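Novice: Not my notes, these are from TrEMBL:
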- 6-139: domain 'EamA' (DOMAIN)
- 7-28: transmembrane segment (TRANSMEM)
- 34-55: transmembrane segment (TRANSMEM)
- 67-91: transmembrane segment (TRANSMEM)
- 97-116: transmembrane segment (TRANSMEM)
- 123-139: transmembrane segment (TRANSMEM)
- 145-161: transmembrane segment (TRANSMEM)
- 182-200: transmembrane segment (TRANSMEM)
- 212-230: transmembrane segment (TRANSMEM)
- 242-260: transmembrane segment (TRANSMEM)
- 266-285: transmembrane segment (TRANSMEM)
């Protein structure tokens, strides 16, 4: 029970950190692709140093081809998710990108039932229904065809499920994060080179001022911690729970947009967010015991 409580705590803290990240990235004048690459390289370097200092580097050295292949699948799913998410933002579909993350908990719950065999009781099914209904409210408000949102939510759900599979083979979440980020960074470096991004943006890190560099470093640190905490949570609780608690990330982004950017908020949007938060609480509450059965025991 204590382990489950710790896992839920990790799964709550991680999306709160992820929700703050877009606020950090806006102050860093780098192309999206290079921003993601810098984030992956930062995690690769910092986690690598931590593994070496703490004497856990041997875990990485012992990775076999089967483990690397399994982590590569989860890394591919994450790369797909980032591609759809960042692509939507680059094409001006910011609303769809945010709605996709609101829809992600329901997609994760369904996929974890299909791919991982996790069981959903009546209350949890109701919570999934509430989250879908809340996403529909956002779709109605945005009045956009939800193509990007569907792909964003599905790829995130697939990533969480594949990560759960991979973490059964890699018991060390730090080593897992290092391998995952290194695989993504390797692919991104190839893409950057072939698309001639670097020649157009020579020495991108030196192109930003010291304040922006500190913001970039802070954002990368938050992303690294959040990724680690979410990986730890995946080892302790169901994948569907991690996915459902992940809705806190777009909620934080929405609050930031309202407070910082002075974005208008409608009554329907507030209703949808309240419904989502209620669904998250109900989904993660322990089942109520039948008092009659308790007395009988």
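Using N, Cα and C of the backbone, Cβ positions are placed for all residues, glycine too.
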Novice: Any chance you could find the range in 67-91, 123-139, 145-161, 242-260 with the most Cβ pairs under 8 Å to the transmembrane segment (7-28)?
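Specialist: Answer, by Cβ pair count: 242-260.
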Novice: Check the transmembrane segment (67-91) against each of 97-116, 123-139, 145-161, 242-260, 266-285 and return whichever range has the most CB pairs under 8 Å.
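Specialist: Checked against 97-116, 123-139, 145-161, 242-260, 266-285; highest Cβ contact count belongs to 145-161.
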Novice: Near the transmembrane segment (123-139), which same-chain residues lie under 8 Å Cβ to Cβ, leaving out any that are not at least 6 residues past its ends?
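Specialist: Residues packing against the transmembrane segment (123-139) from afar: 95, 98-99, 102-103, 105-106, 109-110, 146, 149, 240, 244, 247, 268-269, 271-273, 275-276, 278-280, 282-283, 285, 287.
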Novice: Could you give the residue numbers and ranges of same-chain residues that sit at least 6 residues beyond the transmembrane segment (145-161) on either side and whose C-beta is under 8 angstroms from one of its C-beta atoms?
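Specialist: Distal contacts: 74, 77-78, 80-81, 84-85, 87-88, 93, 96-97, 99-101, 103-104, 106-108, 110-112, 115-116, 135, 139, 234, 239, 242-243, 246.
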Novice: By Cβ distance under 8 Å, which residues at least 6 away from the ends of the transmembrane segment (242-260) in the same chain are close to it?
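Specialist: Beyond its ends, the transmembrane segment (242-260) has Cβ neighbours at 8, 11-12, 14-16, 18-20, 22-23, 98, 101-102, 104-105, 107-109, 112, 127, 131, 156-157, 160, 230, 233-234, 269, 273, 276-277, 279-280, 283-284.
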